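So the structure is just underneath, and the comments pick up after that.
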Amino acid sequence: MTQVPPSSGSIVVADWHRCKDSKEYFSKILHKKRRKNFGLLESPVMPPHVAVDTVHYKIFISGKSGVGKTALAARLAGLNIPNMHYETTGIETTVVYWPAKLRENGRVFFFRLQLWDCGENALRRFDHLLPACKEQVDAVLFLFSFTDRTSFDDLSTQMAKWTGTPAGRVVKLVVGTKFDLFMHCDVAERDVRDFQEKWSLPVLRVGGEVSDGLGDVAPLLNCLAENLWHQDCVTAESARHHSQQDTGTLL
Amino acid sequence: MMMLQHGSTQLLCLTASSGVPLFTRGASKQLPFSVIGSLNGVHMFGGGQEVVLSSCETEGGGRVVWRVFQDSVMLIAVSGGGQGSGGGQGGAGGSKEEEVRLQRLLENVWSCMVLVLGQDELTNVRNVERLKRDLRSCFSLIDQLLEDRQEGILGNLTHCADSLLPPNPTLLQEAVDGFAQASDSEFGCLIVHGRIAAATEKWWRLAPQEVVLLSALMRSLSASGSASCDYPVFLPQGSPTVAHRLLRFQLLPGADVCVLCGPTPSLHRAESGIVGRFWTPLVETLRDCLAVGERCLPPSVSLRPDVLALLLINRETRRSVSCVRTLTNHPLGDPPLPSKARCWELLKLFYIFSTTRYFTQEEALCVSPEEKAQRGNTEDFVLGFSHQPLQCYLVTEECKSYGLQTPQHQLFLLIPLSVPTFALRTVATQTLSDIVAAPGF
């Protein structure tokens, strides 16, 4: 079943990190102007009178070897981006806390996004890794690199692995990495547009210097939060619909 | 011949049978192909004459060390010389030390290749191109071994696990045991600041080099800041052909727990169901443990003010603690104390100096007796004696060093030059009893 993605900014307030009222929330994920690294036993703590719910999601990062999966996870979490490319020889997960404000009712949530990253060669060599990544997954980020045409052409193969998965609905986003290296750009803007139309999936772009730690990741994280929230609403809606039908038959 | 820049090390890997280069790591400037070919050729020539060429020194002060593993892979380490051998240390920075360092490096590199790829893939090579590609997965660990940058980690050299003595060991021990059991595993380990703070009994029964290697892997995973991992690993001694799963969880930044397990539990289930149950009650205990920092010793252990740096090895458990302290240079006219980084370097050199000349070096189990004889790190001088030296010392322009061994421990100390030489023995014996008495190391 194809699901129409929500248009950007329709559910979650875009650029909320720039607004004044977001400060007390974002300050909880920052430490000395850098992003805070949370251990599994930690989470952002708000003062008791500001109760904020945290919603948990599992996101798998898919893409050809060397496309920048590990670097993307590090960038989104505000961790040091490795300056050398090394293969990821197993599954590594990275946790990102991201506060987002719903447009509809002004409620704020902490999105706890756990990014699952696994090297392509490891996936090929060990059969148990992919099922582990697919277990209860909520979203998949399909990565391609603007400097590697084959990674773009490979997208449909990557996505084919995820069509018809019985594991319920999964949010799908496409991310183009290394967008800053335009000198070596191998994927034309028109190709991206065509792709976007054909699959009706959002395509996001990342790359370049890590600036203030929020501005460069906000569009992607907000888009992800928006799509995940939307998916949950649709699922809840259909569940309610189902249960109403059930009660109907019972009566 | 001056092959490489001073202080840099290059690692070459070739197939043992045909000399096909598999990879090169380290050193910014690669050795020319002709040199690589010659290095392989001269080793092969020796083989034809039934001579094993294991090490040689170049006129420019460089070193080359060869070793063939399982008749399948040849590793060659080439160093430009000068690494760590500052003029001051005199005897303890020479070529012998460099040879030992490079031999250890080759052993460790081979172990880490087995850890990542398994022995079968390395010994039954069907497709060299494929092996070359798969070997890339080992580069992260190999580069870490080559750079050897993290201060205060000596396990790669000593093959004793770098440990940290926590202020509250019982609580942590119970948690590690319980956590491992709940994860269907007998092998569990808590690592704080890259050093083992607690581990299950079975963890200590792994081969010492496996413990050290897994610690190195944990350090590199922990440094990335990721929250959890599920890594397939082969154990070079215990399970070289069947992969286990290493599950690792970052409890707090700097404190990671791991278990070695079979097909269950899944990473997702272990993380959501088991981690919190065992570790949430211990957040404060873990924070206290993190506060111990690089000192490795709990606050209850106080060291004499004249100890500059120490390495203490427990010979039975194959564990070690080490630290370098910042002492203030006060009396005017005293020679300046060596920097912290230099102290770590000196500690390593003094360890090699003592273990090759006087003390026995507990060799890694992977070395067969014949190989041990071939490589002969311990000089004939020592082997010719019926008794064992118990203490040794060395005075250089930078500091004084003292080594002491008992049936259970080996202690290596750096002491400022201002301390009179006749007092060194007292400093050493007292330091040993200070540490050993307190937490039962």
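Just so you know, glycine gets a Cβ as well, placed from its N, Cα and C.
Pulled from TrEMBL:
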- B:10-81: domain 'FUZ/MON1/HPS1 first Longin' (DOMAIN)
- B:94-145: domain 'FUZ/MON1/HPS1 first Longin' (DOMAIN)
- B:186-270: domain 'FUZ/MON1/HPS1 second Longin' (DOMAIN)
- B:307-435: domain 'FUZ/MON1/HPS1 third Longin' (DOMAIN)
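Across the range of the domain 'FUZ/MON1/HPS1 second Longin' (B:186-270), the DSSP-based residue counts are 23 helix, 40 strand, 22 coil. DSSP places the residues of the domain 'FUZ/MON1/HPS1 first Longin' (B:94-145) in helix, strand and coil in these numbers: 46 helix, 0 strand, 6 coil. Per DSSP, the secondary structure of the domain 'FUZ/MON1/HPS1 first Longin' (B:10-81) breaks down as 16 helix, 28 strand, 28 coil. Confidence for the domain 'FUZ/MON1/HPS1 first Longin' (B:10-81), expressed as mean pLDDT, is 90.
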